[in-house]
């Protein structure tokens, strides 16, 4: 039987110790091993995971799509083929041509320019939603693994109760005082995704919080924030990355749905959901005006979900390799 890194004979084990650099083979599948990201650094770990994702065909597809999305969003800050507000009443519902690459809508506005500008709005929504859900989920995880058993148990019950609230209902409640705005999407989606993230990451956080090197750090007077930043977060980072990448795809869909309902991106702000909402009523007149934003949303969501799956597979391979190395080391 392999020896667990948490049962090392060293008096003061730490994540940088060779015995804690490998995962325990007895760790449940799906939970991240207690590896030491302090050895290679979190940045190097992320780079190695991206390389592992790139080695898979579906991973390359997702990375290329995401890179193009980011590139187009950045370019749209400075240039679009046509002005967003330039309309031509004589050229409405035009088919794709050299002057209008994806045609025009019912006002004669250039569809490609609006979709190009909408890419930066959707990218901003995804970034803000992922950041908010990550911070909120991390706060909940901290409460759920607290050494105060009453606080931890109460937090678990509250999370289980709140996680059943639909995102649309939260958005409707927020839209009453705020109206249609990007923040409605960010807060509503981030709240729901943060709850789910906390629930998924709790087992890994408990495993890290009960480890011997965390006990040693607390005994040496380390504050809770320092322990969280240097010991707990690096060990649950794989779970965070996978969940956040999957929530990014859901955020793109949520933007389209909430904007269609009139409680998302306000009118006049370019976004993919706004393009869908304004053109779906004319689907019988000119189907292409609905096809382009729908196709873009579909491809981006698929790319984000495929990226999340490829990232999860890369983490599982990393876990298996670490477990095999631990088994060899323990012989």
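The backbone N, Cα and C atoms fix where each Cβ goes, glycine too.
Annotated region 'Disordered' per TrEMBL: 1-37, in sequence order.
Sequence annotations record features per position, and here TrEMBL assigns transmembrane segment to 61-79 (among others).
If you look up TrEMBL, you'll see 119-308 marked as domain 'ABC transmembrane type-1'.
TrEMBL lists 123-145 (among others) with the feature transmembrane segment.
What TrEMBL lists as transmembrane segment is 157-176 (among others).
According to TrEMBL, the feature transmembrane segment maps to 182-201 (among others).
Residues or ranges marked as transmembrane segment by TrEMBL: 236-263 (among others).
Within its own chain, the transmembrane segment (283-308) has Cβ neighbours under 8 Å at 53, 58-59, 61-63, 65-66, 69, 93, 95-96, 102-103, 105-106, 111-112, 115, 118-119, 122, 242, 245-246, 248-249, 252-253, 256, 272-273, 275-276, counting only residues six or more beyond its boundaries. Taken from TrEMBL, the feature transmembrane segment covers 283-308 (among others).
Here the transmembrane segment (236-263) has Cβ contacts under 8 Å with residues 31-32, 37, 42, 45-46, 49, 122, 125-126, 129-130, 133-134, 137-138, 141, 167-168, 171-172, 175, 180, 184-185, 188-189, 193, 196-197, 200-201, 204-205, 208, 271-274, 276-277, 280, 297, 300-305, 307-308, 311-312, 315, 318 of the same chain, all six or more residues outside its ends.
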